[in-house]
Amino acid sequence: MDSSAVPANASNCTDDALAYSSCSPAPSPGSWVNLSHLDGNLSDPCGPNRTDLGGRDSLCPPTGSPSMITAITIMALYSIVCVVGLFGNFLVMYVIVRYTKMKTATNIYIFNLALADALATSTLPFQSVNYLMGTWPFGTILCKIVISIDYYNMFTSIFTLCTMSVDRYIAVCHPVKALDFRTPRNAKIINVCNWILSSAIGLPVMFMATTKYRHGSIDCTLTFSHPTWYWENLLKICVFIFAFIMPVLIITVCYGLMILRLKSVRMLSGSKEKDRNLRRITRMVLVVVAVFIVCWTPIHIYVIIKALVTIPETTFQTVSWHFCIALGYTNSCLNPVLYAFLDENFKRCFREFCIPTSSNIEQQNSTRIRQNTRDHPSTANTVDRTNHQLENLEAETAPLP
């Protein structure tokens, strides 16, 4: 997310990091680097050469120009995250669009997640240039676009992760209802709703974003109505609650209830295979929750601390700030791995994409026929339906080491 687009929150980390400012090596005490160009009117800790990209801390160095090592480290970090994130997410989207058997409700959510994550990581080159030059050279239009993309995709990515958690909870805990609810059509409608909800912050931020000429440099920043401190802090609080606290609670509760349900199914079936499947899915759940928390917690805590106390501008502070931002974006790189590349069906399609053969083409045609027959499932008792949903869930999650 655009570093200045971050209100002290972290798309980003959807993410938060996405909305944080990358403008300065270290954000001003109350600013959000990528997640919210909240600091349109922050003090200028960097001096005349500082650029406040709104909510993201300015990209300017703590004192004078950044050292060569610091600049190279930050640019390398951003470059790796950008390349890996774009490649992984575009590959996920291509495979889902290319292969008919991948057009399931779950994969439609994954497509939406990959789209949001790809757009989020696409803003990193702008943040890198802003950091190196100490000014925003891209004009007002791109300023508005980059900042709004940060917010839009941070929230869309996180909302989609929550949606997938609820979707899997319904599949396991309410298998009968899942037959009607977990359809590709409903998944598309929910994805559209997630983008509309993200507009609640994305559109206002787009109108608030602007460029300002100050001390020989141009800032891409957010402007707030008076009282400035009130609206700035309100944005930070909203981002923190809706982009971090609530998603963590929703994801944790849904997966926790799912594990409890799977345990009860295992006890009823008495199957050792179900026991192994439960352990496998439990590990997957723990990894998903842990990755989200690890990627987004640092930037949120950092922003809160900077809003409460003044942190001296040092090289370490600059690097750590941008590291937190990159960590939030890293979540966008890991999502394809967690939700797609570990899926056996996805890996099979990827192999077919890399090494197409006539047998693969024939297999794809036969898969279309089998999928059509699965659109009319037979009835069964609740335990059998739950076991069936568990088997489907296993197909969507690859075994973790």
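The backbone N, Cα and C atoms fix where each Cβ goes, and this holds for glycine too.
According to Swiss-Prot:
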| type | residues | note |
| --- | --- | --- |
| DISULFID | Cys143-Cys220 | disulfide bond |
| CARBOHYD | Asn9 | N-linked glycosylation site |
| CARBOHYD | Asn12 | N-linked glycosylation site |
| CARBOHYD | Asn34 | N-linked glycosylation site |
| CARBOHYD | Asn41 | N-linked glycosylation site |
| CARBOHYD | Asn49 | N-linked glycosylation site |
| LIPID | Cys354 | S-palmitoyl cysteine |
| MOTIF | 335-339 | motif 'NPxxY' |
| TOPO_DOM | 1-69 | topological domain 'Extracellular' |
| TOPO_DOM | 95-107 | topological domain 'Cytoplasmic' |
| TOPO_DOM | 133-143 | topological domain 'Extracellular' |
| TOPO_DOM | 167-186 | topological domain 'Cytoplasmic' |
| TOPO_DOM | 209-231 | topological domain 'Extracellular' |
| TOPO_DOM | 257-280 | topological domain 'Cytoplasmic' |
| TOPO_DOM | 308-315 | topological domain 'Extracellular' |
| TOPO_DOM | 340-401 | topological domain 'Cytoplasmic' |
| TRANSMEM | 70-94 | transmembrane segment |
| TRANSMEM | 108-132 | transmembrane segment |
| TRANSMEM | 144-166 | transmembrane segment |
| TRANSMEM | 187-208 | transmembrane segment |
| TRANSMEM | 232-256 | transmembrane segment |
| TRANSMEM | 281-307 | transmembrane segment |
| TRANSMEM | 316-339 | transmembrane segment |
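The topological domain 'Extracellular' (209-231): residue composition by secondary structure is 4 helix, 12 strand, 7 coil, according to DSSP.
For the residue listed as 'S-palmitoyl cysteine', the count of additional Cβ atoms within 10 Å of its Cβ stands at 7 [all protein chains shown]. For the topological domain 'Cytoplasmic' (167-186), the DSSP counts in helix, strand and coil order read 17 helix, 0 strand, 3 coil.
Ranking the disulfide-bonded residues Cys143, Cys220 by other CB atoms within 10 A of the CB puts Cys143 at the bottom.
Distance noted between the C-alpha atoms of Cys143 (disulfide bond) and Cys354 (S-palmitoyl cysteine) is 38 Å. Taking every listed stretch (70-94, 187-208, 281-307, 316-339) in turn, the largest tally of C-beta pairs under 8 A with the transmembrane segment (108-132) is reached by 70-94. By the count of Cβ pairs under 8 Å, the stretch nearest in packing to the transmembrane segment (232-256) among 70-94, 144-166, 187-208, 316-339 is 144-166.
Counting only same-chain residues 6+ beyond the ends of the transmembrane segment (70-94), those with a CB under 8 A from a CB of the stretch are 22, 25, 61, 110-111, 114-115, 117-118, 120-122, 124-125, 127-128, 131-132, 315, 318-319, 322-323, 326, 329-330, 332-333, 335-337, 340-341, 346, 350, 353. The average pLDDT the prediction assigns to the topological domain 'Extracellular' (133-143) is 89.
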